[in-house]
Amino acid sequence: MAHRGGVSIVDKKENAARRALELVRTGMALGLGTGSTANCLVRALGGEVREGRLSDLRCVATSRATARLAEAEGLHVVTLEEQPMLDLTLDGADEVDPEWNLIKGGGGSLLREKIVAQASRQLAILIDDSKMVRHLGERWSLPIEVVPFGWKTHLSHLEDLGGKPRLRLRSDGEPFVTDEGNFTLDVDFSGAGAGRGLSVPETLHRDLLRRAGIVETGLFLGMASFLIVGTEDGATLDQR
């Protein structure tokens, strides 16, 4: 889907997905992320399997939606209980800073994504070049997964930390519910100021997880092994 004067965001995501195939080998146990970029990767993997260039892949999906797509693409989907150690997880991100710290969770599966990522020897992050930012929170709110019971009790605490929280809703106005049955709060920390909020992501992450009822945050800090950035001309692949 090209546009005048350049290529679309979808084209860039597909460029990243094709480049990510360089990391995949026959016989690997893979984690598959959730979201639009991860979907491009799943479709690319399916094509490789159908063409006979890859085989014997065992894939753990981070959401029911990804599992359905992977199965439709002919990939062998297993559970994390069946395959508790993974060679590589491939996933997208909403923002990536210069230190490769990430905000994830826009696709609604941050808890499962983090569990699968930590079960993997390596984590490859696929993005289009618009997702690179100078600092986290520049363009994206921080998703926080919370249990439904007492979710409103977290709002004042998040405001005290410099955030502006809102409950994620479905198109019908009802709360969005994750595969684990939880709610998601999207918290804008752009007005938190220096030394607060996402300017100190490690501190913020620790402070949030100290609170009962907050299950996990969308901060993925120091976890990425590879960063694949889709551009108009193709995609770059870097390793740490």
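Each residue, glycine too, has its Cβ placed from N, Cα and C.
Its Cβ placed at the centre, Ala93 (substrate binding site) has 26 other Cβ atoms within 10 Å. Secondary structure from DSSP puts Ala93 (substrate binding site) in coil. Marked as substrate binding site by TrEMBL: Thr34, Gly35, Ser36, Thr37, Asp91, Gly92, Ala93, Asp94, Lys104, Gly105, Gly106, Gly107, Lys131.
Annotation for Glu113 (active site, proton acceptor): same-chain Cβ neighbours under 8 Å, separated by at least 6 residues, are Gly33, Thr34, Thr62, Asp91, Lys104, Gly105, Phe220. According to TrEMBL, the active site, proton acceptor annotation covers Glu113.
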Open item on the list: For the substrate binding site, please report the maximum Cα-Cα distance among Thr34, Gly35, Ser36, Thr37, Asp91, Gly92, Ala93, Asp94, Lys104, Gly105, Gly106, Gly107, Lys131 in Å.
Closed with: 16
Open item on the list: Just to be sure I understand the packing, how many Cβ atoms besides its own are within 10 Å of the Cβ of Ser36 (substrate binding site)?
Closed with: 13
Open item on the list: I want to check the contact list for Lys131 (substrate binding site): same chain, sequence separation of six or more, C-beta distance under 8 angstroms. What comes out?
Closed with: Ala93, Asp94, Glu95, Val96, Val229
Task: Additional residues around substrate, ordered along the sequence, whose Cβ is within 8 Å of the centroid of Thr34, Gly35, Ser36, Thr37, Asp91, Gly92, Ala93, Asp94, Lys104, Gly105, Gly106, Gly107, Lys131 - done: Gly33, Ala38
TODO: Using DSSP with the three-state reduction, classify Lys104 (substrate binding site) as helix, strand or coil.
DONE: coil
Open item on the list: Let's check the environment of Thr34 (substrate binding site): how many other CB atoms sit within 10 Å of its CB?
Closed with: 29
